[in-house]
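Presented below is the structure to which this report refers.
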């Protein structure tokens with residue numbers, strides 16, 4: 001940190017002890033200062049300023065205090081930061097590309113000071129978390145997500161680029177705000193919008209190479225699905241809200257089987273919400289059921305029930321509202337067109353209840369109690385974020401299902417039986433990276449070194465060498 005001579009001796013004797021003592025001292029002071037702020041918004045602001053000026057300390061703190069800092073850097077605090085981004089944003093944290101920049105996107109990318117970009121997180125700000133259209137203020141999401149790439153997965157920050165595509169906003173609040181720094185116009189849609197995205201994707205690979213990862217984040221449903229299908233075979237790209245969330249939810253569901261004693265093929269899963277997260281998960285669990293249990297796709301889909309704002313998703317229902325991605329998982333025509341969540345739970349006899357509708361406190365004590373009545377060990381996942389939009393809190397789920405409290409003990413969390421503890425996230429991330437690489441090489445998705453498949457130990461060493469800001473051992 002180049003602090004020698006700039007701070008008191010701190011009791012150290014000799015250069016090595018002084019440096020060690022100085023580092024520990026700076027960490028202690030930093031965490032004490034962070035905790036003294038009265039609001040998480042102020043803590044977010046302080047942390048982002050720290051990341052601007054001292055990345056080494058910022059990521060060191062994130063590594064050692066992930067459970068405390070992660071919710072400040074990303075959800076739920078990042079939602080509040082996006083709503084008030086003009087108060088905390090400083091230039092240089094990300095790249096803004098507007099609809100008026102068409103024809104010049106390549107040169108704009110070249111303005112970014114770092115040239116070896118490996119990962120891009122991009123948003124158009126239309127569906128930020130559960131908060132809706134935040135326009136250019138959505139920049140808080142790519143910045144926050146990429147800080148997690150580095151802090152929790154070890155991807156060096158110089159290889160990461162946050163980008164916001166500003167095509168306007170339909171938020172009257174933002175359009176009328178003197179503090180809003182984005183384009184003050186209604187959102188551009190249709191062919192003009194598509195042309196911008198096409199040019200953006202082409203420019204990214206032109207400047208950074210075909211292998212650059214482009215992660216789509218918080219695009220609205222009507223664009224998210226079609227852009228994923230349009231680009232996923234041509235570019236190295238994925239949609240975090242559709243595919244990333246789905247992966248984590250499926251992992252949680254598979255882990256829960258150890259506690260419930262059920263098989264995945266015995267689960268009846270009710271998704272309250274039929275947006276990107278629910279549809280992405282439905283596709284992934286369908287694939288898991290077909291691969292693990294030999295079910296046909298239609299048989300696998302019988303384990304899934306989707307609920308949207310009009311009720312249970314049923315083919316040819318009178319109330320309509322069925323988009324193509326919902327129809328893939330719609331119940332057969334003639335299924336009762338139920339509208340209340342309580343009725344739907346009773347009808348489906350679901351074993352797992354997933355919330356992804358961003359309708360806060362939908363999982364009421366009555367709903368949670370009903371799940372406990374129907375199942376000895378129900379699975380509840382309230383996925384909507386930020387926390388204020390969640391269907392219920394963990395405390396409410398424990399309290400009103402009653403059986404859950406007995407089912408999941410403190411030791412379960414400490415052992416990582418549901419999800420790994422955040423304190424172990426870097427090791428887990430490295431393990432995932434190793435396994436993904438080992439699986440990708442025989443599939444031809446990445447290149448083996450010198451034409452031969454590396455061993456697991458060699459891949460692990462490669463991942464460690466690439467990682468930035470490794471945690472202390």
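Just so you know, glycine gets a Cβ as well, placed from its N, Cα and C.
Taken from TrEMBL, the feature domain 'Malic enzyme N-terminal' applies to 51-232.
Residue 74 (active site, proton donor): 24 other CB atoms within 10 A of its CB, across all protein chains. Residues or ranges marked as active site, proton donor by TrEMBL: 74.
Taken from TrEMBL, the feature (S)-malate binding site covers 127, 385. Secondary structure at residue 385 ((S)-malate binding site), as computed by DSSP, is coil.
The active site, proton acceptor feature in TrEMBL is assigned to 145. All protein chains shown were included, and the count of other CB atoms within 10 Å of the CB of residue 145 (active site, proton acceptor) stands at 23.
Among the features that TrEMBL reports, divalent metal cation binding site is placed at 217, 218, 241. The local packing around residue 217 (divalent metal cation binding site), expressed as other Cβ atoms within 10 Å of its Cβ over all shown chains, amounts to 26.
Taken together, the residues of the domain 'Malic enzyme NAD-binding' (242-441) have an average pLDDT of 90. According to TrEMBL, the domain 'Malic enzyme NAD-binding' annotation covers 242-441.
The recorded positions listed here (74, 145, 385) include no residue with a Cα within 10 A of the Cα of residue 218 (divalent metal cation binding site). Proximity to residue 74 (active site, proton donor), defined by a C-alpha to C-alpha distance within 10 angstroms, is shown by the following recorded positions from 127, 145, 217, 241: 145. Comparing C-alpha positions, residue 145 (active site, proton acceptor) sits nearest to 217 among the binding-site residues 127, 217, 241, 385. Note: residue 241 (divalent metal cation binding site) has non-local neighbours 127, 216, 217, 218, 219, 224, 275, 276, 277, 280, i.e. same-chain residues 6+ apart with C-beta under 8 A of its own C-beta. Annotation note: residue 218 (divalent metal cation binding site) sits in a coil segment as assigned by DSSP. Around the Cβ of residue 218 (divalent metal cation binding site), a 10 Å sphere holds 25 further Cβ atoms from the protein chains shown.
Cβ proximity to the divalent metal cation site centre (mean Cβ of 217, 218, 241, cutoff 8 Å) flags the following additional same-chain residues: 123, 127, 128, 141, 216, 219, 224, 239, 240, 276.
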